[in-house]
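What follows is a single structure, written as structure tokens, with notes after it.
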């Protein structure tokens, strides 16, 4: 549900750059084989190992698939090796790994370093043990290794192993240098900047500027398996987005040495992306207590009518007061009525979605019908569908896989139905790690529990979380979505007696609409034919959490094809076995393919059936090395820019960019190169264990921000000489830019949350804010040229907040407001200064779909013109901007009701007078972020098309795409 956002500071040629800690632009690099997510935190998918082999053969011989950048194999199949028959399965699994160090290369197989993450048992005595890797007692993100065994006839034999175990970790200490308090402050700052939006806007009516709505909780220490390991503090940031009121639950990993947020992603798993908003909190943070055992009647047989008109049986509960509740105890064994599953459906009508994400709305209760025959109110509210469908999902997993609920242990299952957003319909549904939450719906949409595949999808997220726990970002996140879609649809078809031959069988969400036909209503189609070569879209975590919805039908389509060809029974067993016994948190598409093939082989698939499985993946382009087939129309200056939360600066024929090592494990250093691509880049910053980020250059000086125990600004001449410290921001900084003697930065006041623009004269040492530093005045999105600084400004007058663009002449001390209606303007975006004047983004209509104008004026405010309009022909969803004397390059970010290539950030270029209209800078498929203008029409940016983050350029627009 996350969107890509960015704000920053821009120098003269107005290069817009990253601006905030934790904002993703790097590739996911933990070795290509760990899949698509981790890496330095840009959450772009990585390549997978060329050595990843298909393991499907009809013969039951042992096969070993090497891991990537680890000595431990990623997959071993066909084993028949005895291990300890007595004791726990986890001890037996560790004993097997320890007795075969030559195969697994796991030095310490003790419970301290290989902790049990759960054991599942299946028919035939099958046992699957998940072991969590730890390094000196600290958990390793994504480090899970699985051991599959069979126990029968007094023997316990190992049949195979798989997963990610990282053998190259080597850390000098596992004790953090930064405090929890510092980590929380920087994590909250990173999320605040990520969510902040591209425009400075006035607070909502009744709101206060700088109002805090986010909070962080320290979750302990975690090692990211990049290179030799990155020690981090994991912080969970929760609250409400300051821009759109969406609920926030963000996982942020803060480097434990420097305090730089190196990875973050949303932990809210949604059915779709609607861009709706929410507000308020009002959460209790705790689930209501289950009813006491004493009751008038545990199970009352009731009924209700679903949205589609079908009358269905419902299990209700009559409490000790004789009141009926939508609680289902009917799936408990007859001989143990007070132990087992409980499925509860809560009335959340009118409750704000933000109060239901990671929390429980205060005072919420189950639906309380007056009669066992639930009337129209319960149909229209979505209560009947939610309560009935939850039971169908439970029965599906129990009947097909003998699974006891979402967690495998019959933990209670909760559904909240009817949440709203700012009192308006919320067209979405999500799993928040503890419960399902369904939006009220509105317009063309019913309540989101109205379609069984939505309920199945969200509940399957719970199953995934308690099995492979696929990280919800990048390729692993797309697989998480794909598996939720696959089983959601499988459950829908079975519960509603629909055939796989039905042309609409692959649709998801097709029954949510009140008037639209199924194909017009559906949010996704598992028969859309998506392939890696034609449809994979490389995006940062800011775009759909790294493409979790965008790219999901590539993988789910392969699974669905397999289901059509093999039949539902065998295919479902294969996918479930792959999920529960082979997949691990950081798996990507190629690892997922290998897991499914191995599961099919284990389940006795014939040679022909195994070939069918492989062909299903082949047809969707999921083959080893598929990333290499993705083409671009740009010149590449640097490949695999393994960074997160920082961009690129350019000027005077030079560029400055942060980068890490090949594995993404080394703290970032700043490199200087020629924008022409000639020559080798030169290291400018110290490689000192701190994170050197937010680089910029005007062609004469390079500046950057160094994150350590404190945050400082550095500068170094391009022509040579040592780097020197020029100051510090005094808070969470969000960007840095340079022109001549001035270094300009943005900072967030840690006390009030207000934004301020500051500047440092590197020649004299003088420094100042452009505003008084008060909480009721905010300045942001600066640019600098020839001693003049332009910035967006929010201030208050007697009748309320005002917005404008102001130019400060640091030599004369004068301030000039640019011409705009300060009372009706609802948003001001990135500024830029060139020799010819000032440019800015202006939003004068808060009721449209997010378009904004790009405007220009002379430095004194005269001769104002509109380059691209806010409405009508030529209008753009302008979000950010960078400019040279010859061209203005605009980053657009359209609103997304569904994720697609055309809803990702793209670059458009227009002449400084606006004549000729805007043209696409590049036709690359994927994210185009952190645009930075050099000279002429040349623009550099970080591009995610190939699944890596590459630094690219074009010298002229591509035109129409």
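Each Cβ is built from the backbone N, Cα and C atoms, and glycine gets one as well.
Residues or ranges marked as active site in TrEMBL: 458. The active site, proton donor feature in TrEMBL is assigned to 549. Here TrEMBL flags 1-19 as compositional bias 'Basic residues'. The annotation domain 'FTP' is assigned in TrEMBL to 119-154. Per TrEMBL, domain 'Peptidase M4' is recorded for 302-465. The domain 'Peptidase M4 C-terminal' feature in TrEMBL is assigned to 468-622. Among the features that TrEMBL reports, region 'Disordered' is placed at 1-27, 57-79.
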Residue counts (helix, strand, coil, in that order) that DSSP gives for the domain 'FTP' (119-154):
3 helix, 29 strand, 4 coil
Same chain, 6+ residues apart, C-beta under 8 Å of the C-beta of residue 458 (active site), given in sequence order:
269, 271, 429, 430, 431, 436, 438, 484, 488
Cβ atoms near residue 549 (active site, proton donor) (within 10 Å, other residues, all chains):
25
How would DSSP class residue 458 (active site) in three states?
helix
On the 0 to 100 pLDDT scale, where does the domain 'FTP' (119-154) sit on average?
94
